[in-house]
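Participant: Handing you this structure, nothing more for now.
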């Protein structure tokens, strides 16, 4: 990711999104901020539902917002929670991210502001993507 100012904005936006989470059942707020190749940032928070399986993760909401605005190429995503360890996306979110490539960075944060950077390839090795549908 280029520029510390851009990175700081991405990290701030994921923390702000976390504050909007609707999580009355798990009490586990998560926020995500997605950076497009064009430099736009889309944020998302987890939204739970009384019918538990209908809840949606912050990462997928950020991606869906970007897609709904015509963006399909991404550079990075930052994720925040109140967990004392680095937050990581669930398997479903990793697979949805994979739909849009493997060469983008994920900033996994802690509440104290520290973060580690992983690529999607590191978090989802030997993954299945759109190009695999064309293999015979």
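Note that Cβ sites are derived from N, Cα and C of the backbone, with glycine treated the same way.
Pasting the feature list from TrEMBL:
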type	residues	note
DOMAIN	5-131	domain 'CMP/dCMP-type deaminase'
BINDING	46, 47, 48, 49, 50, 51, 52	substrate binding site
BINDING	57, 90, 93	Zn(2+) binding site
ACT_SITE	59	active site, proton donor
Participant: What's the CA-CA gap between residue 47 (substrate binding site) and residue 93 (Zn(2+) binding site) in angstrom, rounded?
Facilitator: 14
Participant: Can you list the residues of the same chain, besides 46, 47, 48, 49, 50, 51, 52, whose Cβ falls within 8 Å of the substrate site's Cβ centroid?
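Facilitator: Those within range, site residues removed, are 22, 25, 54, 55, 56.
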Participant: Counting only residues 6+ away in sequence within the same chain, which have a CB under 8 Å from the CB of residue 93 (Zn(2+) binding site)?
Facilitator: 57, 59, 60
Participant: State which of the following binding-site residues has the fewest other Cβ atoms within 10 Å around its Cβ: 46, 49.
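Facilitator: Output over binding-site residues 46, 49: least Cβ neighbours within 10 Å is 49.
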Participant: Taking the mean position of the Cβ atoms of 57, 90, 93 as the Zn(2+) site, which residues outside that list, in the same chain, have a Cβ no more than 8 Å away, listed in sequence order?
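Facilitator: What remains near the Cβ centre is 58, 59, 60, 89, 91, 92, 94, 96.
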Participant: To see if you understand the setup: which same-chain residues, six or more apart in sequence, place their Cβ under 8 Å from that of residue 50 (substrate binding site)?
Facilitator: 25
